[in-house]
Amino acid sequence: MSADPPSDASASSSRRLFLAESSALPLVLLTSLIAPPGARAAADGSSSLGEEFRSQLGPVEPGWVRLVLCRHGQTDYNKERLIQGRRINAPINDEGVRQATALAGVLEGMDVRAVVSSSMMRAGQTADIVHSRHRDVPRLRFKDLDEVDFGELEGRGIASGLPSLTSTYASWRLGEGEARLGSIGESGIDIATRVRAAIDDLIVVAKQPPMLASRLGIDVSAAFASQADQQPPVVVAVAHGEFLRRLLADAAGDDVGLRLSAETAVINNCGINVVDVNPATLQTKIQLINWNSHIKRLEDIAKQ
């Protein structure tokens, strides 16, 4: 699945930028927000996990930007293994809050330019928790990061919807980008166009804060001022499993093996993916797919 990069005009028209609004969260979040960073790190081991995560990343080439792309925390739909796309706007559950808090701990030690999410509740709530450790940077929402539209398959069990999904994915691999998810969901071309627009959005955040301020209609340049000398620009974005698989497949380019790995990757709730992008050429390099040591630690604790 591929599409030409959208023109400035088409990308601008398809782009939707929003300042974050507070979302209601389960009460388990309160202690994670109140506790000081040092206490949190000591309690959950996030400091050592953060160091482990950063040690997996290669250097960013001069002029490139780094996109830290995370999946949202668990929802009840995830727990029940139901298909959940952009038609279902579910909140994260208590386990999702714990996952998002662990994610925030891993990313706490990174210098980031902004924390971004899709416009959907589950991604927004996860990003709000991450942003609680980075309150000096902008918190933004992009509709282009929303989950894919699975059409009439949404709400059904994954097992029952799998034959239809498998058929559509096979069509996309054969270059039939007009094939849709279900009969009324998004096509491969639709998703590829949105992926390119989302990457463009994130590049703007990383490299061009004055342009971002103009598009938002407000002055956010002051929020970026303290980061003017930051190298390299890093943006954290919280999105959705299938959308992230499509973005990673696009980032794999002509590497057929890597592309297939990205398309079929299991991305855990709050799993971390890292992609470096050259804003001038839109060349991409995948650094990590589904780094999830923080989630494995939560699972180990739950078994004790």
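Cβ from N, Cα, C; glycine included.
Just so you know, TrEMBL annotations are computer predictions that nobody has curated.
So that you can see what the record holds, here are the features copied from TrEMBL:
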type	residues	note
ACT_SITE	HIS72	active site, tele-phosphohistidine intermediate
ACT_SITE	GLU147	active site, proton donor/acceptor
BINDING	ARG71, HIS72, GLY73, GLN74, THR75, ASP76, TYR77, ASN78, ARG122	substrate binding site
SIGNAL	1-41	signal peptide
I'd like the number of other C-beta atoms within 10 A of the C-beta of ARG71 (substrate binding site), please.
29
Going by DSSP, is TYR77 (substrate binding site) sitting in a helix, a strand, or coil?
helix
Suppose we draw a 10 Å sphere around the Cβ of GLY73 (substrate binding site). How many other Cβ atoms does it contain, all chains included?
30
Rounded to a whole number, how many Å is the Cα of ARG122 (substrate binding site) away from the Cα of the residue listed as 'active site, tele-phosphohistidine intermediate'?
6
Those residues of the chain, 6+ apart, with a Cβ under 8 Å from that of GLU147 (active site, proton donor/acceptor):
GLN84, GLY85, ARG86, SER118, MET120, ALA239, HIS240, GLY241, GLU242, PHE243
Using Cβ-Cβ distances, find the residues under 8 Å from the residue listed as 'active site, tele-phosphohistidine intermediate' that belong to the same chain and are at least 6 apart in sequence, listing them in sequence order.
ILE92, GLY96, ALA100, SER117, MET120, ARG122, ALA123, GLN125, THR126, VAL238, ALA239, HIS240, ASN269, CYS270
Show, in sequence order, which residues other than ARG71, HIS72, GLY73, GLN74, THR75, ASP76, TYR77, ASN78, ARG122 on the same chain lie with their Cβ within 8 Å of the centre of the Cβ atoms of the substrate site.
LYS79, GLN84, ALA90, ILE92, ASN93, GLY96, ASN269
